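Engineer: Checked TrEMBL, it gives:
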COMPBIAS  1-11  compositional bias 'Polar residues'
REGION    1-73  region 'Disordered'
COMPBIAS  12-29  compositional bias 'Low complexity'
COMPBIAS  46-58  compositional bias 'Low complexity'
TRANSMEM  118-139  transmembrane segment
TRANSMEM  203-224  transmembrane segment
TRANSMEM  349-370  transmembrane segment
DOMAIN    373-444  domain 'DUF1736'
TRANSMEM  461-486  transmembrane segment
TRANSMEM  492-509  transmembrane segment
Amino acid sequence: MSPYNRSYTPPSMNDVSRSSSSSKTQHPSNHQHHSQKEQRSLNKHSSSPSSIKKSSSPYHQKHWSGSCGNSSDSDDSTSSSWSSSFSHSASSSPSLFYGFYSEGGAELGSPGGYRRSILTLFTISVLLYSYSFSCGFVFDDITAVKDNRDLRPHVPLVNLLRNDFWGTPMLKEQSHKSYRPLTVFTFRLNYALDGLRPSGYHLVNILLHGLVTVLFYHLLLVFLRSRVRNYGMVSFLAALLFALHPVHVEAVTGVVGRAELLASLFYLGSLLAYSKASSPKKSGPSTNWTYLLGSLFLTSLATLSKEQGITATGVAITYELVVNQNLRLQTFTNIGGKKTFRNKSFKEGLRRIGALTSGSITLLLIRMSIMGGNLPVFTRLDNPAAGSDSPTRQLTFNYLSSFNFWLLLSGSDLCCDWTMSTVPLVNSLLDPRNTMTLGFFALLGKLLHKAFMSSDRSTRTLILLSLSLLVCPFLPASNLFFPVGFVVAERVLYLPSMGFCLLVAYGLSEITIHKPQLRSLLISSLLLLSSLHIIKTSLRTLDWKDEYSLFTSGLKVARNGNAKLYNNVGHALEAHKKHEEALLYFRAAVSIQPDDIGAHINVGRSLNLLHRYQDAEEAYLKAKSLLPRSRPGEVYHARVAPNHLKVFLNLATLIAKNGSRLEEADSLYRQAISMRADYTEAYINRGDILIKLNRTKEAQEVYEAALSYENDNPDIYYNLGVVFLEQGETHRALSYLNKALEYDPNHFQALLNSAILIQESGSSDQRQTAMDRLQRLVQRGDSNERVYFNLGMLSMDNQDLISAEKWFRKSIEIKSDFRSALFNLALLLSESGRPLEGAPFLHQLIRHYPDHIKGLLLLGDLYVNHHGDLRAAEKCYRRILSLEPNNVQGLHNLCVVMVEAGDLSQAHSCLLEAYKLAPSEDYIRKHLTIVEERLKHKR
């Protein structure tokens, strides 16, 4: 059977349906022994070939050449060469954007139209999210960015390959197991350029969204060109809908959505590379292995950005079968036949599919090994269906698929957190929501049936590519292979929405072809849809301004089923010190979900901050009672979520406020450690309790045990430094503080206390190091009154009195009752010949600390030497002696006041008493001799 060309004749105005018959034409290059061309009319009312050329259609006749080895629409799916041509009349296939494109689409070879489309899409994508610049870090951004040590420049880059997305080592049980080192690397670049200013992170996300949109448009042009009617219009419309869709706000405005954006960029790049790898050659079917390896490499980058990136190979395989092999239902019946395996194109396609499959399996195995063979631990409330029995689990998971599709369809009622009972479980076959599930899967079945049964290659290509883009990226979040830690997450719909938008664009295009009279209505509907999307996206972006607005917007959608949202509103209020209001939301969370351990912990923490300690303890004990219990004599095997173990830490910290209950607090920490041996926070807190119990050796052992689980934790090294300081080993203490700074050069306590240790040691060699460390705190804006005070003390040691005065004054500005700063500033001014300037600081000191002996001595001296107020001076010295009867300096100065007052007899008695207390002090003996001489002369 000879290969053939299909021609399409414009139907009459009364018949706008496309005919289905074919004409065959010999391919001269492959079958030269046949010289005669055979043509068949596609339509029984077809006009002659010459009439086709004279058609008034603005869409000139165009030949649509498939990729190398494409099968035709004929029954002979294994023939060696195919080509097809379509022609459309103006009346039968008007474009929604006629005039904006040439021949129904922006040609890759038409630079003007292509560039206009790219510029339009990119501009719309970026401008739509411009308000994101004013948004801060919210929700998961706090953990993934603000609190993630892996972003800091002092942390080795290799840690990005060892830790999960949130900075926790992958091998630790509490790890989320989300491995996205490439995304974290981009965060690290952001941090290097702009620190923790949110605007820089949002800018990158917005630009990435623009790039993804234009790359999606370009990919569609490449995939659909020469294979689909109105491919330019379909491509542009799909990309436009993608750019505007409100469901993308979480992925674009939420900084952690960077994972979706990066993965999508590499995902699309992988598919483009695969299209190049399998593009036709003049010599016949072949594979460009450079591009194929490039496709696998880009898939790896997508997977290192977000786990769903691995599904790019699924879409590539679909492309291979649908586009390159022109898959039809009949193809399945032919597979295995001799014709199929003699087909060079088919065999080359199988080789490519084999390479893709091998690459995917390799990636999957590597990913599993990085996880250490363990799945992450999620609480029952994160994904209630995962812990439910049959048939609830299956019914709910199936319903969630349809629910996600509904979010794509409506773009309304969006929520940042769908966990807990926001979407109630489907417990029965009689639940009316099952009709939605059935409708969704019926729609998928109908689309698949239409694709496989249709002889129209354009329909088949569009539907199957759309479904592959919709379904494949969604599979990792579908709970079909493993449970995930959420019920619904809008950001995971970023990639699948591409398939949805392509389906919608294709549907609109088909209507314009088959129902041209509806063109005006469709344009109006499209404009209305775009306007609604713009409004919804803009309003939704406003919700992401801060945590309070984000979580309160969620409560409008999930008011009665999501205790987590109430908890998060409470956290947002806590951040603004609104503890009473926060407590109301935490208690609302408890009333909605009484078995939510986290909600009870939050109630306890708020009560603690409100100094209602007894109520706080009761709340913590309630939370503790909800934890799974081990049976007496059995080892504890239950896996407890890390956040739930905080109940032990919070309760122990509260109990430890009572010094008589330190042993009880220690018992709680030991219990937490027994439940999770690598729970380093419990080790750190327990060590603090042991130090208070004066069991410093035991505290040292606890911290050293913690290092065996987390040897790069600067807090542990710092605490070991404190232990050795308590033991009087200042040199070892300083070495551990320095070790803490190796892992975190900005560790506040280590910088401050190491500088204090150096200053107190009197070591002139290390004095500059101490100065540099304190100056670093000042430059970072982390300084407090202690930082300024110790800078003042170091400046005094360096004889830099001007700087010392500046630092002491800054310290007092922050803490007006800072006793050491007040006294040392007054002393500095006094010794600098400016004692009267120091007087206000002395009065301020004595007002706050009336028993400050050194301050009273200095103030007495000021009264005697500069004010001549002997009575006031006497009052100061007598106050000192009432506090310390044997204070020699106070007694001596009182004696001097008596001398100045002319009371030599009383002064003599006073000096004799002072001499008895300090017989070795020459100045007392000297003054006593002078007074005795005066008494002799007086007699």
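The backbone N, Cα and C atoms fix where each Cβ goes, glycine too.
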Engineer: Honestly, do the transmembrane segment (461-486) and the transmembrane segment (118-139) touch, with at least three Cβ pairs under 8 Å and pairs 6 or more apart in sequence?
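Structural biologist: No, the transmembrane segment (461-486) and the transmembrane segment (118-139) are not in contact.
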Engineer: Take every residue in the domain 'DUF1736' (373-444), average their pLDDT values, and give the whole-number result.
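Structural biologist: Taking every residue of the domain 'DUF1736' (373-444) together, the mean pLDDT is 88.
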Engineer: Taking DSSP states H, G and I as helix and E and B as strand, how many residues of the domain 'DUF1736' (373-444) are helix, strand and coil?
Structural biologist: 34 helix, 0 strand, 38 coil
Engineer: Mind checking which residues of the chain, 6+ beyond the ends of the transmembrane segment (118-139), have their Cβ under 8 Å from one of its Cβ atoms?
Structural biologist: 145-146, 196, 198-199, 201-203, 205-207, 209-211, 213-214, 217-218, 236, 239-240, 243-244, 252-256, 416-417, 534, 537-538, 541-542, 544-547, 550, 568
Engineer: For the transmembrane segment (203-224), what are the same-chain contacts with Cβ under 8 Å, counting residues 6+ beyond its ends?
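Structural biologist: For the transmembrane segment (203-224), the list is 105-106, 108, 114, 117-118, 121-123, 125-126, 129-130, 132-133, 186, 190, 231-232, 234-236, 238-239, 242-243, 248, 251-253, 255, 257-258, 261-262, 264-265, 268-269, 271-272, 275, 319, 323, 461-462, 465, 498, 502.
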